[in-house]
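Engineer: Sharing a structure, written as C-alpha cells. Questions coming.
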Amino acid sequence: MFVKNFIHKLKELKQKSLDKFANLLYDYGGYVYDRPCTFIICSLICCLLLTCGFYFKEHEKDIYKLYSISNSYAYETNETINDFFYKSRRCFILVESNVNLLKPKILRELQKFEEGTKDIEVDLSEINECKTNSELPPEQSHVAKELYKTLIQRSEENLKSGKINGSLFDYSDLDENGKSVLSLAGKENNDDTLIEGDNKNDEETSANNNNNEDDNNEDDNNEDDNNEDDNNENDNNNNNEDDNNNDDDDDEDNEEEDEEKQKSLREKLYRKIYEMLKKKKENIVLDENNPNVNFTDYKDDVFYPYQYIPPMLIKADRCKLQNVFGDKNLNIDLREASDGLKKQITYTLEDICEKKYGDCNFSSLFLYYEKGNGYIDYPIKVDNLDFYVNRRTYKEMMFKGILGNMVYEKSGSKYIIKSANAIMTVIPLLNSHTYEPYALAYEKKLIDYVRFYNLDDIIQDEETNDDNDPFIRFHVFTDRSLEDEVDRISKIDNLTRLLLLIGVLLIFMYALFNNVTSVLYRSKPLCAVMGIFCGFLGFLSGSGFLYFLGVKSVPPAETVPFLVIGVGVDDVFVILNSYSLLFMVKDNKKRIQMCLKDSALAITVTTLTNIIAFLISAISPFYSICAFSLFTASSLFFGYLMVLTFLLSFLCIEAKLEKKKRNIFTGTFHLFRSIFMKSSKKNKKENKENNIHDDGDNDNDEKKKDLSLEVKNNEDDYENISIYEWIHNLYLFEESINKKKKNAALVYASNNGMSSNLNNVNEDGFPNPSKIVSMEDVKKRNIKKDDAYINKEDEEGGGYYNKDDNKKKDILGKKQKKNNNNVTLVSKKGEDNELDVYYENLDEKTNDKYKMNNIKSSKLKYDNDKKDGAIINNRPSSDEEYKEEKDKNKINILNDVFNDITIKPNENILLDRGDVIKSSGYDSSYNDLQSSSLPNPSSNEVLNKTTMVYNETDLKDNKKEIKSSKKNVKDIKKSDMIHDDTYDIINSNNKNILLSSNEINNNSNNTNKFNNNSTELATKDTQQFINGHDKNIYLLSSHDNALFYKYIYEEPKGNIGKYFRSLVKNYYVPFLSSRFGKTIVYIMFTIIIAMSIYGCTLMKKGIKYDKAFPVDSYVRRFTTAKIKYFPDFGDFIEVYYFDKHFINKYRGLEKNTKEAASSFLYSDLTDRQIMNSPKINKNVHWENTNLQEELINMHNTLESQEFVTSVANGFTFFLNKNKSSLRKENPQEFYEIFANWLKKDFVGNLFKNDFVFLNGKLVAWRFHYFQKNVDDSEISSKWLKACKQITKLENHNVQMVCFHLSSIFNETDESIIEVTLINLGITILTILVVTAYIIKGFYSCVIIALIIFLIDLCIFGFMCLCGITMNIISMVILVLSVGFSIDHTSHIVQAFSHSMGRTRDEKMKESLHLMIGPVLHSGLSTWFVISTLFFSNKDFTVIFFQTLSLVLFFSITFSSMFLPVLLSSFGPLH
C-alpha cells in the first residue's frame, strides 16, 4: 500500500512539474513575442562574449595523454621509464627507390645527403620552450637537491682518483654486510662512451656537473636558510623511519605488509604533529605527501655505474646555455636574450647527438666504409647479415635492418650484397630533460631537410625493377613527428573549412526546401537560416566557454561543429512542425505560445538526452574522448539556449509578417516599387474602390480556395484544441467522409419487393454498373458555369455577400462583408416557398475579370416564416438579432452529395452519411463542399440535397477516382457498403428519396453497426438528434461542420509540411497499417537483426597508431614504406623490470607526487592491481637458479611468438655464457661474475647501460625485441597482452612492463569493448530515467529500451560488416547513437502515448502523421552536414562519418518503420 501511494504521489509530482514547465514555456513564448529584437541582441552579445574564449585556445600535444587509458600503465610506465632510464630520441630516415641504390653513383649522392644532416644548423630562436613567458623548470625538493649534489661530487671524486678509465666498470668483492663496493679494474680501453643520458666525454661531463652544481648552490643556500629549523626539527622523528627503511630488504612478505600499514599510520601521526608544531604550512619544504623523507636515507646510496644519476633528479634550468653547452662558455638565459642574439648562436647535430667512440652513434650503411673497411666502388661483403662489426672502428651493424629488399648471394662464409631498394638510417639524439627542447628544434629542421631532398636527376637513366619510371623518395620519422601531426589534426585546416562550408550549404538548401512554400508569407526561410546559425553560435559559445576554463583542444573536437549544426537544425524542424500544425489559431501570439508549449518540451528532452550521453562519455578513461564529449555537450547546451532565444525571436518576427501577409522580401519589394513604380493618388484611389467592389480582386491564390463562411460562434473551441486533438478529429472526419477509401463509388437502396427492381440488377444479384450514379453524372447535372445566369438571379432580387478585407459595413444594397472568404453565398426566394442556394467560386486569374462557378443546389423546403426570409434578404435592426438569425442558416458540409436523389418511404434502407459521401466519389482533396442541414427525419419532408463546388483541378482529380469506380460489387459488399439484399438502382431522374421515421426505428438495431461510433465531434444539435432517434444516425450541426472544415480538415495552402503530411497520410500510413505492410516490415527487420548478429562475430578492435594522422602525413608514408621494405623490423619493444623498493623510495623525492588519473569505467586487473601488490618485484634473488631458468624460458617463449622477430636480452646472454659458474646461488659470487662479464666481454659491454645496481643489488634492467610489421590492428594489438603475460614470473613475484609508443593504442584496443559496454549501459539507463519522466507509462519505456538495444546491435554489427574496427572514435559514436535513437524514438512514442486514437492502429497513424516529418528531416539534415566528412584527409573524421551514417540510418528506419508497427501490435492502448 505504501509503495502504491508513493508511486501515485510520484506521478502527481511528475505531472505537476511537467504542467508547470509547460506553463512556464507558454508564458515565456508570449514574453519573447512582445520583444523579439531585444532577445536577438542579448543572445548575440552573450555569444560574442563567450566566443572570446577562443583567444585562450590551446592544443593538447601530449600523445600519451591523448590516447592512453588514464588509469592503465601505458602513461605511468612511460613516466617511470623517463624517471629512471635514459632513452634516446631516434630519427629515422628511409630512402626508397625502384632502382638499385647500391650503385656507386647513387651511393655517393646518398653519402652527401647523410653528411648534410650533420651540417644542419639551428639557431636558438627556434627553441620554443625558452620564450620570454615560458614556464620555469619544476622546483625540486630539498632532499633531491642535496642528493643530486652528492652524486655529482662522488662522480668527480671517482674521476680524480682514477677509478674510472674509459667506460668499463668492475665490481669489487662484496663486504661483510652483503653490499658490493663498486670499483674499476683499470683496464686499458679507448672506449669514450659516456654515462647514458649525458653522452659526453668525461671532461665535458665533469664541466657540466660543476656548472649545474654551481648554479644550484645559491638556490640551495636560500632553501637551507629558510628551512634549516624545519629539517632539524624532523631529524629525530625520522630516525626510527630510517631504521625501518634499512631493514625492509630482510623482512618476509607478510611482515612487509604489516610494516607498511604501521608505517602509514606513523606517517599520518607524524604529519599531524608536525603541522601542529610548525603552524606555517607554506614554509614546509618537504613533500606534503611524504613528510618523513630525509636526506640520511639516501646519502649512503651507491649506484653502478658511478656516474649514473636518476634522470628524475636532473632538473637544471635548460634555458641557461651553460647547463646545456658547457664547452661553449655561454652564460646566457634564453628567456632574457633578444631575438637577434638568439639567431647569432647556432648548434649542430654534433652538440646534441648520442656519441660512441667520440662520434655520433649513427646506424647507417656508411659505417661499413669507415676507415677503409670497404669501398663504394666494390660490392659489400659481410660474414653476418644479422650482426656485423666493422673491425677497424668496432661499430656494429645490422644489415637486415639497414637495407630493404636486399638481394645477396653467399660465397663461402661471406655474403655479397648486390642490390637493395631501400636504405634506413637512424640518428640517436639526447633525450634528457636538459637537451629535449634543442633536440626538438633540430628534428624540425631535419624533417624539412629530408622531405624536400631530391635526387631524381641522378636516376633518370637507371634500370628499374618494376618497369615504371625511376623514382627515389625520402621519408623521415622523429619523436616529434607524432606530436606535430597530432597538433596538425587538432587544428581546422583549409580542407576542413571548405568541407564545413559545403556541409552548411547543403543543410541550408535542405532547410529552405522544407520551409519555403508557394505561399511566401507562410514560408519560414528566416527561421531555416537562423536554425543553422543557432548550431554554429552554440558551437562558438560552448567551445569558447571551455577554453575559458582551460580545456585543451583535441583532434576529435574538429568534428564538433558538424555535429552540433546537424543536431541543432533538428530543433528547428520540431518547432516549425508544431507551429504549422497550429494553423487553426488565428492569434499569432497565442500560436507562438502554444507552439513553444508543445515543441519546447520535446526538444528539451532530446537535447537533455544528448547532453547526458556526452557527459557520461566524458568520464571515460580516454582523455581525447573526454575532451570531445565536453566540447559537444557544452555546444549542444548553448545551441539549445540559442534556439529558445535567437530562433524563437525570428519565428515571432516571421509570425507577425505572416499576419500582415508579408514576408522578409516584402520590404525590399516595396522599396524598389517606390523607386521605379511611383503611382498617383488617383490610381491608388481607383484601386481602393476596385478592392471594395471586386470582392477580393487582389487576394492571392491560396485565398481563392478558402471556404467563405460567416461563422464565428465557438471558434475559440477550435483554437484551443491541442495538436493531438486536431489530428484525431482529422482522421475521424476522414473516416466519416471516406471510411475505407477504396476505388468504388456506389449508392444503393432496397424496396419493399424485389420484383420491382429486377431490371436494375444483374444475374449475380448486384447492381448493374450501367445504372450506378457516378460522380461524373452528378457534376454534369449540378455544375453550371454560366455567369449570365448568376447575374440574372441577382437582378431578380437575389442577394450576395461581398468580401472586403478592410471594412465591415453594407455596400451596394444587399452586399455584406465576408472575412477570409472567396466563396460567396447567393440566395433567392423562389416559388413554392423554396430557397435557392448558390455558391460562387471566384477564380481570379486576371486582375480585370473574375469568374464564378455556381452550382444551383436542390430547392430546400422550409417554413414560410417571414423572419426566416428576412435573414437572407434583410439585415435585422440589431447585431444580436442578426447573429441569431445568421446561426439558423449555418451551412452543413456532411449532407448528401447527390442531386435529385431521394429515399422512398417504404424502402428497407440503412444509410450511413459517411458512406454516402464516400460512395459519391468525393475525396478529401476537394476544397469546398457545402450543404444545408437536414430537417427532422421523422417528418416526410424532403431531405437536403447536395451542393458541391469544384474547381478545374478537382474535376481532373475526380475523373481519376471515377475511372476506378468500376470495382466489382462483390468487393464493395465485403466492405460493408451493401446494406441489404435488395437493390433499387438510382437513376438520374429528379426523384425524391424519402425515409420514414418508422422504418428508421424498425431498423435501428441493424443501423448501429454502420454509424460512426465516435462522439468527439458531437454537439448539442447532433446529440439531441441522436438521442431522439436511438442514435441511428450520427451527424454534426451545420455550424460545427463549417467550423470543422475551416479549422481542422482543410490545411491552408502553403502551410509548412502540408504536402509531406498528405503523402504520409495517403500512402505511407495506409501501407504501414496494412497486414501486408506489417509483414514486410517484420521480415525485413528480422533479416537486418540476423545480419547484425552475424556481423558481431566478425568484430575487430584497434587502430594502427599511424592511422591517427592525416592521409597526406609524411608519418603514414614512412610507415607504409617501412612495412614494405622492412617487414621483420617493426616496432622496437622495450621490456623493463623495476624493483618496487627502489621506485617507491626515489619517487618520494619528488616535491609533487604524480598521481595517475583514474576512471571507474575501467580497471586493468592485469596491470594496476598486480603492480600494486606488496609481493610483486620485491626482494628478488636473481642468483636463484630456478629464477634464472625461468628467465631463459621466458626469453625462448617470447622469441617463438609469431609477432617477434629477434630479442636482444643482455640478462639471458649473461646466463647462457656463465651458466656453469652460477650454480652455487651465492649473491656475492653472482654479482662478481656479472661485473666481470659487463667489463670484459664485448657483448656484455653492449648491454652495460641496460642495468642499474644500487647498493649491491640489481634494481632495474631492460631488454628489447623487434616485432613484425603487420598492417592489421587486430594482430598488432595482441602483442601487448602477450608480452605482459609472458614476462610475468609468478613463482618469483616478478612482473615486467612492456612498452612502445603504440602501446597507448594497443592497451586501448584491449579495453575498448569493456569500456564501451559499461558506457553504453550507464548511458541507456540514465537516459531512460530521464525519458520516463516525460513519456507516459512504464510499458512505453520498455519499448524505447528495446528499440535502443536493437539500434545499437545493428550499428555494432554493420560496423563490423563494413570493416570499421572498434576504437575510441567508434566507441563515442556508439554512445552518441543512444542519444540519436532516444531522440527519434521518444518523438514517436510520445506522440503515440498522447494520441487520442481508439485502437492501436489509429494511435499509430496519428503519431506518424504528427512526428515522422521532424524525425525524417532531423536525420537527413544531420547527414547532409556530416556527409562532407567523407572527403576529409583524416581517418578519424572518415570513421566518424561512416559510423554516424549507420547511426542515423538505423535510428530513422527503426523509428519510422519498425517502431510504429511494433506499437500498432503491442503498444500501450491507454
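Counting starts with 1 at the first residue shown.
Placed from the backbone N, Cα and C atoms, the Cβ positions cover glycine too.
Quick paste from Swiss-Prot:
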CARBOHYD  N78  N-linked glycosylation site
CARBOHYD  N165  N-linked glycosylation site
CARBOHYD  N294  N-linked glycosylation site
CARBOHYD  N361  N-linked glycosylation site
CARBOHYD  N1218  N-linked glycosylation site
TOPO_DOM  57-493  topological domain 'Extracellular'
TOPO_DOM  515-524  topological domain 'Cytoplasmic'
TOPO_DOM  550-554  topological domain 'Extracellular'
TOPO_DOM  583-587  topological domain 'Cytoplasmic'
TOPO_DOM  660-663  topological domain 'Cytoplasmic'
TOPO_DOM  674-1057  topological domain 'Cytoplasmic'
TOPO_DOM  1099-1300  topological domain 'Extracellular'
TOPO_DOM  1362-1367  topological domain 'Extracellular'
TOPO_DOM  1395-1399  topological domain 'Cytoplasmic'
TOPO_DOM  1467-1470  topological domain 'Cytoplasmic'
TRANSMEM  36-56  transmembrane segment
TRANSMEM  494-514  transmembrane segment
TRANSMEM  525-549  transmembrane segment
TRANSMEM  555-582  transmembrane segment
TRANSMEM  588-619  transmembrane segment
TRANSMEM  623-659  transmembrane segment
TRANSMEM  1075-1098  transmembrane segment
TRANSMEM  1301-1334  transmembrane segment
TRANSMEM  1338-1361  transmembrane segment
TRANSMEM  1368-1394  transmembrane segment
TRANSMEM  1400-1431  transmembrane segment
TRANSMEM  1435-1466  transmembrane segment
Engineer: When you rank N78, N361, N1218 by Cα distance to N294 (N-linked glycosylation site), which of the glycosylation sites ends up on top as the closest?
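Structural biologist: Out of the listed candidates, the nearest Cα belongs to N78.
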Engineer: Rounded to the nearest Å, what's the C-alpha distance separating N1218 (N-linked glycosylation site) and N361 (N-linked glycosylation site)? Just drop the number here, would you?
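Structural biologist: Cα-Cα, rounded: 29 Å.
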Engineer: Taking the Cα atoms as reference points, how far is N78 (N-linked glycosylation site) from N361 (N-linked glycosylation site) in Å?
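Structural biologist: About 24 Å separates the two Cα atoms.
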Engineer: What is the Cβ neighbour count of N1218 (N-linked glycosylation site) at a 10 Å cut-off, with all protein chains included?
Structural biologist: 17
Engineer: Counting only residues 6+ away from its ends, which parts of the chain sit with a Cβ under 8 Å from the topological domain 'Cytoplasmic' (660-663)?
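Structural biologist: For the topological domain 'Cytoplasmic' (660-663), the list is 520-521, 523, 525, 654, 700.
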Engineer: Pull the DSSP breakdown for the topological domain 'Cytoplasmic' (660-663) and write it out as helix, strand, coil residue counts.
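Structural biologist: Breakdown, helix to coil: 0 helix, 0 strand, 4 coil.
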Engineer: Is the transmembrane segment (623-659) close to the transmembrane segment (1075-1098), in the sense of at least 3 CB pairs under 8 angstroms with a sequence gap of 6 or more?
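Structural biologist: No, the stretches stay apart by this measure.
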Engineer: Restricting to the topological domain 'Extracellular' (550-554), report the mean pLDDT as a whole number.
Structural biologist: 84
Engineer: Which range out of 494-514, 525-549, 1400-1431 gives the transmembrane segment (36-56) the most CB pairs under 8 Å?
Structural biologist: 525-549
Engineer: For the transmembrane segment (1338-1361), give me same-chain residues lying six or more residues beyond its boundaries with a C-beta closer than 8 angstroms to one of its C-beta atoms, as numbers and ranges.
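Structural biologist: Contacts with the transmembrane segment (1338-1361): 1088-1089, 1091-1100, 1320, 1324, 1328, 1331-1332, 1370, 1374, 1377-1378, 1381-1382, 1385-1386, 1389, 1392-1393, 1442-1443, 1446-1447, 1450-1451, 1454-1455, 1458-1459, 1462-1463, 1466-1468.
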Engineer: Counting only CB pairs under 8 A, let me know which of 494-514, 525-549, 623-659 has the most with the transmembrane segment (1400-1431).
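Structural biologist: Answer, by Cβ pair count: 494-514.
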Engineer: Helix, strand, coil residue numbers for the topological domain 'Cytoplasmic' (1395-1399) per DSSP?
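Structural biologist: Once the DSSP states are binned, the topological domain 'Cytoplasmic' (1395-1399) shows 0 helix, 0 strand, 5 coil.
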Engineer: Going by DSSP assignments with H, G and I as helix and E and B as strand, what are the residue counts for the topological domain 'Extracellular' (550-554)?
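Structural biologist: Going through the topological domain 'Extracellular' (550-554) residue by residue, I get 0 helix, 1 strand, 4 coil.
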Engineer: In sequence order, which residues at least six apart in the same chain have a CB under 8 Å from the CB of N361 (N-linked glycosylation site)?
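Structural biologist: Spatial neighbours, sequence-distant, of N361 (N-linked glycosylation site): C353, E354, K355, P428.
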Engineer: Take the C-beta pairs under 8 A between the transmembrane segment (525-549) and each of 494-514, 555-582, 588-619, 623-659. Which stretch has the highest count?
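Structural biologist: Counting Cβ pairs under 8 Å, the winner is 623-659.
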Engineer: Please determine which of the glycosylation sites listed here (N78, N294) has the lowest count of neighbouring CB atoms within 10 Å.
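Structural biologist: Least crowded of the glycosylation sites N78, N294, by Cβ count within 10 Å, is N78.
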Engineer: Counting only residues 6+ away from its ends, which parts of the chain sit with a Cβ under 8 Å from the transmembrane segment (623-659)?
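Structural biologist: Long-range Cβ neighbours of the transmembrane segment (623-659): 28-29, 32-33, 36-37, 39-40, 42-44, 47, 50, 60, 65-68, 70, 521-522, 524, 526-527, 530-531, 533-535, 537-539, 541-543, 545-546, 551-557, 559-561, 563-564, 567-568, 571-572, 575-576, 579, 588, 591-592, 595-596, 600, 603-604, 607, 610-611, 614-615, 617, 666, 1157, 1368, 1371-1372.
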Engineer: Give me the DSSP three-state residue breakdown of the topological domain 'Cytoplasmic' (583-587), ordered helix, strand, coil.
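Structural biologist: Secondary-structure breakdown of the topological domain 'Cytoplasmic' (583-587): 0 helix, 0 strand, 5 coil.
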Engineer: How many helix, strand and coil residues does the topological domain 'Extracellular' (1362-1367) contain under DSSP?
Structural biologist: 0 helix, 1 strand, 5 coil
Engineer: Any residues 6+ beyond the ends of the topological domain 'Extracellular' (1362-1367) with a Cβ under 8 Å from its own?
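Structural biologist: Result: 1099-1103, 1273-1274, 1308-1309, 1312-1313, 1316, 1439, 1442-1443, 1446.
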